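Asker: My questions will all concern the structure given below.
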Amino acid sequence: MVKLSGIILLSLVWLKLNNSYEIRERISNKNNPDDDILKINVEEDKKKICNNILIFLNADDILTENNKYSFMGKCEKLIDDIKNENNSPDITNEFALSLMHMRSKHTITSSINNNKALKNIIISLDKSMSEPEVINRVKHIIRFNKYLAGKLSYKNIGESLVLRVSSHERMRRSKRELVRNILKDFHIYGLYFDLKSENSTLLKNQESESLINIKNEKLCQTYIHLCQKFYEQTSVYYKIKTILNEVIKHTKDNYALEGEYDISKLFSLENSISQVSQHSDHMLTNESLIYDMNKSNYIKYNQLIHEVIPEDGNIEEQVKKGNGRYIVVVKNLKKAIGNSENYDNIMNIIKKYLINVTKNNKEILDMVMELGNEDIEQFMTQLVFFIHYGFLLITEDKHMIYLSDMIPTYTNLYRANEVLLLHIMDIKFESDDFNKYEKYKFETSDNDKETYSLLNEIDSITQLPKLSENVANDYFSKIMDKDAYTMLTLDKGINKYQFYFTMAFKDCNINQNYTPLAKDLWTELIYTFDNFGWFYFNPNKIMSSISKSNFIRHVLVSRNFILKNMESLIYLDTQISRLMDMIGLSFLADKSEYILDLSLSNYLFLYVNEYHIFKKDENVKLIHTYDYIDSIANNYYYFSEKKYPVFKTDYSSKLYTNFPNVYSLAYQLFNELAINMNISNTPLKKKLKNKSNYAYFTILNLIGPNHDIYSRGPRLIFAAYMLTLVFFIESQIDISRYRPNDMYFMKKAMPLLAPINRDDFNILKKRCSLLTDFIKINRNKAKNEHSRVEEYIKILNLVTILLWGKESNKSLYYDNDVSLYKKLLIACVFNGGITVQEKVIKSIKRSCNMEQYGLNKSNIEDFVNVNLSVYQWNPDILEKIATAFTLTCKVHNMIYEPFDVHKVDAKDYYKLAVAPDMVKTYHCFLLGRQAERLLESLILKKNFVKFKVEDAIDVYEFFYVTRILSKNPREDFELFLKNKKEYQKKQKDEIIKNSKLDENVTDILFQNYECYWFKSYENFKSLWMHAASNLGPGAYLRNFFSEIWNNMGTLFKKQSKVRDVEYFNINLIGGTLIDYYSPLLKSEEHCRNVTQKLFISMKDSGTKSRIEIPDEIKSKYFQCKLDYYKNNHSDPVHKIYSRDFLENKVYVFKQPYYLLSNIDDKNKKQLLRLFITETTLQYLLLDDIQIPECLGRCTIEHFNKVLLTTANAKPHETIIYNGLIPENCKSKIRKEMKIFIHSSFVHNLTRDYLTGELIRTQDIQNGDVHVCMGSDTYYTENILTDQHFDLTHKPQFNFPENNNYRVFLKKNINKIAKNPESQCYVHYELSVLDTDIPDPYREIGKDLITNIELLESK
């Protein structure tokens, strides 16, 4: 027999990875475990090494001689294998971690002694490592084990990148520097514009010559999108000016009546913009007058528009109608020429010029041939007007036209219907090749080595090659505009460039800048696209998928989308530039706290998608790359309650530290693109996939060069990357718009009962491979070559994919609102295209002898999927429990005999009870499948309607007491019904009789066993619904369930028992404890009585019609609830009385009051322990409500049963370890408990209460700080005020001086007074948490107020 001791508790412990508390179980020993492990030294003899291992596991005096003999044989063989293997370090590391993991689960000892003993065991196994190497290895083994146990605060990785967090000095400096530089760069704007004026006014010292070269200045490189707008306007002006000069020259050269007209003056209004109109005398006759033009105030009218000198009242009246003295006029060419014959000649000469220019393009030539004299005149009038004023002539819908619609851009020309002018510009300045289809094809470098040789400068942060600074700057200038110097020589000194500069930069917004990093990446991405074709897809491949006959349709789709959404696209581009800055900050983050220098097979994320900096040594791994990406993503999603003004693109000097969700911005554009492609919504995704070349062609035009002159605008490489990935995800990866029946399983996150359909996971695997392959931007990568821009795009891709999946600011894996499809697909992408199940299975096969538990190739997938499903399909938890499983499996192989989990009987039950949690969970689900089949057979046997709630209770109770799989469940069920107590006693006696463990230990194992399906109302309901769904739909099911659901609460209330016990001092009875959550329950009963009486009164009185009564009752009910919370939450009925203690009906939350922001900052009591009665406990367990102290929905694991020091616990009860446990306590099982504080309040905890020493946040994160939990922490006075219920309370985050949140360093425990009355006599470990849970009182209050307002409005 194995004696009662710690070795049994090696496997008794459930490492509660789905819980917020890290709790370990142990048996108390007479001898201090530290005394034994101090004997462990470096040994050569393998027998002595194995003895040391037994001592380290605290099992040396536990095993029988037979057990010990078997263990020693297996242990010595393993040591031989380790010493003879070539990859000894890998095996040694994993075995050492297995030992550390098993020891930490049941023994509480000094970390210093653990380190020394483990170091000596490792040296005994592998002497090739030096002393410093072994010490470092031990440190990382212990860190990894802490992570598995939930003690490592790795979530701080997520905080290190968020601008509001003050941790990590280096990151704080980097963030400050980023913000400081953004502000500094915005000040450059003040060098060009008068910031004090009401509107953006260009300073007088800015000459046109200097503005033309702005591309070389900081302003242009900081606001790339605005700079491109400026150069686009100047380029268009230059081209139109050139065309007009050619027309004038051609007319002069071909007009016979030379000297009759000054052709130059004929095609001109004035030589200067700012002067008195010479046409005022014609205003009311034949001269065209445009006065009703709605123009922006960003420019001064007298610098652009003619000033009219009125000559009589009529003109003055006309000016008054024009809303001012400044108007614009249009040249009347026909009147200016005078002679109709001369007019015809001049128009014909101009037409011949147009014919000559367009002769190689048949379509345009045909259009020119059809032009009459009036059409030619209108064309020339518009040219003359534009060259004179600098903006376009628009004569229609003048009330809706703003100056920004009249500036010379390609899209404005198209909107103004200047089609002929655009064609001429295209022909003269683009290319002689009129085949647009061919122009989209371009050559790229196919020589990988040559490609990387051009990226020849090493980036100081990532240590990856990037484009050299000179090449990048030259290419940036080229992108801006190639005609800049030509324009300067052509129009030297003209002030229209000042106007264009003003119009481009008037909307300068500090939140839409490009930092030097973003600018370099922006240039580098365009450079690699133009020269190498680096993108998600090959541009030439897209063009080859478009037929020439269909090409025009693609151009039109692209044109319509860009014309409609250009400003939104520019905005998206600027916001992604800030995202690139956040990625840059992530590279700067100090990752030393989050790496493991190990060669284990159980990494949390695979090498392929790791930060490149860790690729230099594949043994160095970041604990959680996912957290780094998630922290960046959270800067764009629900970062704070304050909403960012999305699409606010006008001038702003206010800097926001939170940003819009870039995925949402891109998704809106995706919808616009899908609609533009004229795709119906049924089923949308499939058609999107089939027509994707429309979208990709459009995106190619965004990157540029856009050969469609009608929609040409700024090059937007960042927006193109984001929109392309979003389009691919939404069209080929996302399943949300599929019909429910198509992917029903994947959209839910229910635990598995029946084995899964492999087709569902094959779809997931296929789409994961598609997405993983798609996000590679360089398909012909040379071996071992990697560039900076590839690394940034990789991280951008991962952030984008995370934003697609996120439903809140919670970690996506821990958010129950996220479907299993998204969780598993995102995990698969982070693993480089390997599903989390595949990775776990590979790890198990490599590290564990599966036959130990009856697992094999045929059932390992089901085994893993079941365990994954019970944890809400959380890949993070699966990898943790799988790692714990393989570590436990190694030791179990040496200690216990094998068994088959599919055939557990009374003889093997004790093996199941000490097996890893994954095995127990799988066995539970095998029981659940038997329960499902039994339910189906009983429902069918009783013809549905005869199946009553009593039958349901019988089925539940049968499986609640059953511990083993039955060969014939129906037969055993019938035996159970004959005598339930006798059946349970017989099964228990048989299990104890066959167990090779101590009888008391076996009894504890029997009592503590629980199965997922039978431990809560919700879980059993899921099983039941699954069984019923197998029988088909119908009214009988509705009738059947109506009775079941009405009685389920009674059924499960008596089954929910809190198993953990915490001792308190006897003086607890004398206090006036308040049940904080009692009003949630009592208000319901109170208000139902009130409204019932009101209903009877209203019905009898007849004062209200039958139609009015329901709304009146609802309104009174909601008002009653709200009033109760406000006025009655401190009533005596909510207090806890001495009789509740005497009847053992008092419970306490493990976690103290969590929402400390609700407590007034003058209140000395900032640490509050919440006690509740049994009635409130049952309500919280049954109701679907988010309780902060439970960090979500409550389970029995979140509570301790209160026991006074005068009472005695039962032998099988688990005791929370503290100094109040009586010496004569019958139970020997202990648990350690951890207390959490939200990270927002950690800054208040800076001093050791006992010694005054400085306490750092890092000390808390390392588990080196304890918190005092004395009697002054008990909740005895209400903290909620009226402000909490009318939603006006302002959260506080600072504690007053001398508050009761007392903390001390663990090393100072011996300084605590040996007095049970001391406030620190009871203390627990403190840790930091980032989880945000809504206040239930606030949420309910908000809902009640909303409902009352809605009803009153009716």
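Even glycines carry a Cβ here, placed using N, Cα and C.
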Asker: According to Swiss-Prot, the disulfide involving CYS1011 connects it to which residue among CYS924, CYS1087?
Answerer: CYS924
Asker: Select the most exposed residue of CYS220, CYS828, CYS924, where exposure means the fewest other Cβ atoms within 10 Å, treating these as the disulfide-bonded residues.
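Answerer: Fewest other Cβ atoms within 10 Å, among the disulfide-bonded residues CYS220, CYS828, CYS924, is found for CYS924.
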Asker: Rounded to the nearest Å, what's the C-alpha distance separating CYS220 (disulfide bond) and CYS848 (disulfide bond)? Just drop the number here, would you?
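Answerer: About 61 Å separates the two Cα atoms.
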Asker: Do you know offhand how many angstrom separate CYS848 (disulfide bond) and CYS924 (disulfide bond) by C-alpha?
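Answerer: Distance (Cα to Cα, whole Å): 21 Å.
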Asker: Can you name the residues of this chain that are 6 or more positions from CYS889 (disulfide bond) yet have a C-beta less than 8 Å from its C-beta?
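Answerer: Long-range Cβ contacts: ILE844, SER847, CYS848, ASN849, GLN852, TYR853, PRO916.
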Asker: For each of the disulfide-bonded residues (CYS75, CYS227, CYS768, CYS848, CYS1011), count the other CB atoms lying within 10 A of its CB, then report the residue with the highest count.
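Answerer: Buried the deepest by this measure is CYS227.
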Asker: Taking Cα atoms as reference points, which of the disulfide-bonded residues CYS227, CYS768, CYS924 is nearest to CYS75 (disulfide bond)?
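Answerer: So, of the listed disulfide-bonded residues, the one sitting closest to CYS75 (disulfide bond) is CYS924.
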Asker: Tell me the Cβ neighbour count for CYS50 (disulfide bond), meaning other Cβ atoms within 10 Å of its Cβ, over all protein chains shown.
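Answerer: For CYS50 (disulfide bond), the 10 Å Cβ neighbour count is 21.
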Asker: Sort the disulfide-bonded residues CYS50, CYS768, CYS924, CYS1011 by C-alpha distance from CYS227 (disulfide bond) and give me just the closest.
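Answerer: Nearest listed residue in space: CYS768.
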Asker: Do me a favour and check the Cα-Cα span between CYS828 (disulfide bond) and CYS924 (disulfide bond); whole Å is fine.
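Answerer: Here the two Cα atoms are 27 Å apart.
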Asker: Could you measure between CYS924 (disulfide bond) and CYS768 (disulfide bond) for me? Cα positions, answer in whole angstrom.
Answerer: 31
Asker: Work out how many Å separate CYS768 (disulfide bond) and CYS1011 (disulfide bond) at their Cα atoms, rounded off.
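Answerer: Their Cα atoms are separated by 33 Å.
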